[in-house]
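Engineer: Quick paste from Swiss-Prot:
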BINDING   Glu129, Glu197  Mg(2+) binding site
COMPBIAS  16-28  compositional bias 'Basic and acidic residues'
CROSSLNK  Lys279  SUMO2 cross-link
REGION    1-31  region 'Disordered'
REGION    73-208  region 'Interaction with C1D'
Amino acid sequence: MNGKEGPGGFRKRKHDTFPHNQRREGKDASLSSPVMLAFKSFQQELDARHDKYERLVKLSRDITVESKRTIFLLHRITSAPDMEEILTESESKLDGVRQKILQVAQELSGEDMHQFHRAVTTGLQEYVEAVSFQHFIKTRSLISMEEINKQLTFTAEDSGKESKTPPAEGQEKQLVTWRLKLTPVDYLLGVADLTGELMRMCINSVGNGDIDTPFEVSQFLRQVYDGFSFIGNTGPYEVSKKLYTLKQSLAKVENACYALKVRGSEIPKHMLADVFSVKTDMIDQEESIS
C-alpha cells in the first residue's frame, strides 16, 4: 500500500495532513481579515437598505389606499346635499395621508431620494391626484407643485414628538423639520390621473341635473391638455403614455358638452347620464377597433 494512501486504500487529501488546530486558526484568521470585514460591512449596509426599501413600499401602499378612499369620498359631492361636510371629512383624511408621508420623509432623512424613488412614486402620484381633485372642487383651478411641497414640510409638532433634551441656557430651541419634495414627473403623472376623475365627476353631475359643471370641467381639461401637449414625446415615457388617456377623457367630456348644448332640451335630465354613458362606451369601442 502506498504511504500516501489511508486505511481502505483511499488517497489522503492534502489538507488532511495538516494538524486540526492549525486549520482552525487559519479559518479564524480569514474571518478577521480586512477583506472579510469589509464584505461584512457591505452585507450589513445592503441589508439595512433593503429593509428601508420594503418599509417605504409598505408606506406607499398605505398612502395609495387612503388617497383612493379620499377620491371616492369626493365623488359623493355631486349627489350630497352638504358639500362642506364632505370637504371637511376629505381634509381630515388627507391629514392622515400626510402623516404617512411624514413617515416616508423621516425614513428618507439623510438618504438620496432617487435611490428609493421607485418605492414611493405610486403613493405620491395618488396623493397628488387626491389633493388636486379636492383643490379643483374648491377653487375650479389646478394646485401647483409648490403648494403641494409646502404641505409636505413637517415639524416635530406635526409628528407629535418633542425633543427630550431641553436646550441649554442662552440657546434657542431648534425646530426639527422634515421635507419631502415631489419630483416634476410625480406631479405630472398625478395631474394626468386627475383628468380621469374629472371626467367621472362630469358624467355624475349631469345625472344629478348639474348642467354647468361639464362646461367648467371641459374648459379646465383643454388647458391641461394644451400644457401636456407642449411636453409631447420629449418628456419621460410615463408622461407621454398618460397623454393618450388624457385625450380620451377630454373627448368624453366634450362629447357630453356637445350633447347638452345641441340636444339638452330634447333629453330629460334624469336620462342624460344614461345617454352619455352609452356614448362614452361607443367612443371606447371605436378607439379599441382603430
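Yeah, the Cβs are placed from backbone N, Cα and C, and that goes for glycine too.
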Engineer: Please work out the mean pLDDT for the residues of the region 'Interaction with C1D' (73-208).
Structural biologist: 87
Engineer: Mind checking which of Glu129, Glu197 has the fewest other CB atoms within 10 A of its CB? They're the binding-site residues.
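Structural biologist: Minimum Cβ neighbour count within 10 Å, taken over the binding-site residues Glu129, Glu197, occurs at Glu197.
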Engineer: Under a three-state reading of DSSP, tell me whether Glu129 (Mg(2+) binding site) is helix, strand or coil.
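Structural biologist: DSSP assigns Glu129 (Mg(2+) binding site) to helix.
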Engineer: Would you mind splitting the region 'Interaction with C1D' (73-208) into helix, strand and coil residue counts from DSSP?
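Structural biologist: Tallying H, G and I as helix, E and B as strand, the rest coil: 93 helix, 6 strand, 37 coil.
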